[in-house]
Structure formats: C-alpha cells, structure tokens
Amino acid sequence: MDRVVLMLSVMSLGVSSQPITDGQRLFSIAVSRVQHLHLLAQRLFSDFESSLQTEEQRQLNKIFLQDFCNSDYIISPIDKHETQRSSVLKLLSISYRLVESWEFPSRSLSGGSAPRNQISPKLSELKTGIHLLIRANEDGAEIFPDSSALQLAPYGNYYQSLGTDESLRRTYELLACFKKDMHKVETYLTVAKCRLSPEANCTL
C-alpha cells in the first residue's frame, strides 16, 4: 500500500518536477567539479610553498597580501551575508566570470604532472556546466551582452622571461589567486544549489 501511495505521489508531480530534478543534477555536477579544482589548487599551492625556504614564504605571503588578483576586478559579494542575499542568477553569473578569467592563465599551471594537466579541461567543463545552469534560469544573452568585456588581461608579465625572484613571485601569485577564486566559485555554486531545496539551511 505504501508503495502505491509513493508511486501516485510521484505521478502527481507530473512533468513540472523534471526541471527541478535536472537543475539539481546539473548543480551537483558543477559543485563536484569545482570542489575537485579547489582541492587541486590547494594541493598545488601547498606543494609550491613546501619547496620554498621559510623566509621566501614569509616575503611572498607579505607581498601577496598587498597585491590583487586579476579577478578582483570582477564585482562579487564582499562577505557571506551578501553572498546569501544574492540571487541564484547573480551567483551563477559571477561564477562564470571567475572561471572564464582563468581560461588563459591556467595554461601556465599545466604541464609537469597529471594533476596539473587536468586544470584547463576541468575549467572548460565547469564553464560549460555553469553556462547551462544560467540558460536554465534566464536567457544567457541577458547575462553576457558583451563577452569581450569579460576577458581580463594575463597575469602581469608572467609569460615573459623573469629573474628567479620575480618568477617565484609570479608563480606564488598565480597559484594563490587560483586557489582563492576556486574557493569563491565553490561557495557561490554551493549556495545557489542549496536554493533549490526550500527547506535546506543555506547558512555559510
């Protein structure tokens, strides 16, 4: 009897439940992918720090705290309270811009190991997934009226020939910013996904 009631309940939802199910599935995939990238970013940054002398770590961290990531030019919530107040569409849009801003710089993170070579393709997959989520919520044309405006300049002169100290600083900056941005995207997508469950507690 319970099984029959359950089947009738599912059937009564009809087609209207399908978009929610699809949305949850897409969000789950996107969150899983950005979690993988965030963990990878943390590992790469930790490995790089471990290769430095204590004084080098201290100096580089001091410089980085006074510097900015390229993605800081992308307007995003300033704290967890603003993040929670932001709409799903806004969080998706910001996440898309953050991921897109790494398409070119991520090439310098590739090479040397299998995990590093996963970065660019994983970013591309994540970008596609977020775009699908945006289109499921609203016409993508309204979110990205001018895609050229989303392109940020490469990270300083990272791609030029640099001295040892400057090269260390650029590598530190690149890895630290990548870790920071993947954490942002993970947070935004997790909150947006939570909004699909009205009874869920989305407190950060």
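Yeah, the Cβs are placed from backbone N, Cα and C, and that goes for glycine too.
Source: prediction; values computed, not measured.
What Swiss-Prot lists as signal peptide is 1-17, and the listing cites similarity to another entry.
According to Swiss-Prot, the feature pyrrolidone carboxylic acid maps to Gln18.
DSSP assigns Glu186 (Zn(2+) binding site) to a helix in the three-state reduction. Within 10 Å of the Cβ of Glu186 (Zn(2+) binding site) there are 21 other Cβ atoms, across all protein chains. Per Swiss-Prot, Zn(2+) binding site is recorded for His36, Glu186.
Using a 10 Å Cβ-Cβ cutoff, Cys69 (disulfide bond) registers 21 neighbours. What Swiss-Prot lists as disulfide bond is Cys69-Cys177 (among others).
According to Swiss-Prot, the feature disulfide bond maps to Cys194-Cys202 (among others).
Taking every protein chain shown into account, Cys194, Cys202 are the disulfide-bonded residues, and of these the Cβ with the most other Cβ atoms within 10 Å belongs to Cys194. Most Cβ neighbours within 10 Å among the recorded positions His36, Cys177: this distinction goes to Cys177.
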